[in-house]
Ligand code: UP5
Ligand code: MG
């Protein structure tokens, strides 16, 4: 009797494990910091070394901007060039779709680095409305870097990036938006004890050494 029961259980086990992994809630790390702080660079390094999927909200918006037939192309272009934050309805749909597609293609990919989001109160509300209970925000990786270093890095990149916002005029606006809208979001998470701050003004390797320490501590 017991042997038969154990036998049936062992038959069912793979399916149970499979179902559990399907039900795995997305685990999210928000990656924030000023324009050019190195968010994208460090996320790429993390992906090489850990099982995270990198989703840059800015990259998703730029993709949507150039998608033929997109009804938001012009609006996104204007916002990006002006350093303003695109209405969250657009961004959250792109993020949600990218997360769903990633998990559908490979159910083991449930750990996400969401880079450059949430940038303001509107973004945060949108996230809470659409994603509340559907994903766990583990912590915020905050790449802390002085404005001048940020501007210099983006101007340097602007020589070849083709990004319409890597010029001094757009950069001044991006910095203002960052200081006025994004820093308060980081401060809110700070009060919840969720921010892991890294001095991002150093070399890529030095910054990544700190990132590794944090990720290994967080598990
Ligand atoms: N670099 C990187 N690290 C370095 C280091 N340690 N030492 C020396 N050089 C370093 O790096 C920038 C440049 O610096 C690169 O040339 C790199 O080699 C070098 P990168 O890793 O790209 O920095 P990152 O922080 O990712 O800079 P990015 O320009 O992408 O930051 P932004 O936050 O400004 O851009 P994003 O793409 O996220 O957003 C663009 C716009 O989209 C926003 O301004 C906004 O208009 C819009 N947006 C929204 O509206 N909503 C969103 O949710 C997201 C974006
Ligand atoms: Mg980036």
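Cβ from N, Cα, C; glycine included.
Cβ neighbour count for residue 38 (ATP binding site) (all protein chains, 10 Å cutoff from its Cβ): 25. Summarising the annotation, TrEMBL assigns ATP binding site to 36, 37, 38, 39, 40, 41, 157, 202.
For the region 'NMPbind' (56-86), the model's average pLDDT works out to 97. If you look up TrEMBL, you'll see 56-86 marked as region 'NMPbind'.
Taken from TrEMBL, the feature ribonucleoside 5'-phosphate binding site applies to 62, 84, 85, 86, 116, 117, 118, 119, 163, 174. Neighbour count (other Cβ atoms within 10 Å of the Cβ, all protein chains): 17 for residue 62 (ribonucleoside 5'-phosphate binding site).
Taken from TrEMBL, the feature CMP binding site covers 123. The Cβ neighbour count for residue 123 (CMP binding site), using a 10 Å radius over every protein chain in view, is 23.
Residues or ranges marked as region 'LID' in TrEMBL: 156-166.
Of all the binding-site residues listed here (36, 40, 116, 118), the one with the fewest other CB atoms within 10 A of its own CB is 40.
Measuring Cα to Cα from residue 123 (CMP binding site), the binding-site residues that fall within 10 Å are 85, out of 36, 37, 62, 85, 157, 163. Only 41, of the binding-site residues 41, 62, 118, place a Cβ under 6 Å from an atom of ligand 1. Highlighted here are the binding-site residues (39, 40, 41, 157) whose C-beta falls below 6 Å from ligand 2: 39, 40, in sequence order. The distance from the Cα of residue 116 (ribonucleoside 5'-phosphate binding site) to the Cα of residue 41 (ATP binding site) comes to 12 Å. The Cβ of residue 37 (ATP binding site) lies under 8 Å from the Cβ of 143, 144, 145, 150, 200, each on the same chain and at least six residues away in sequence.
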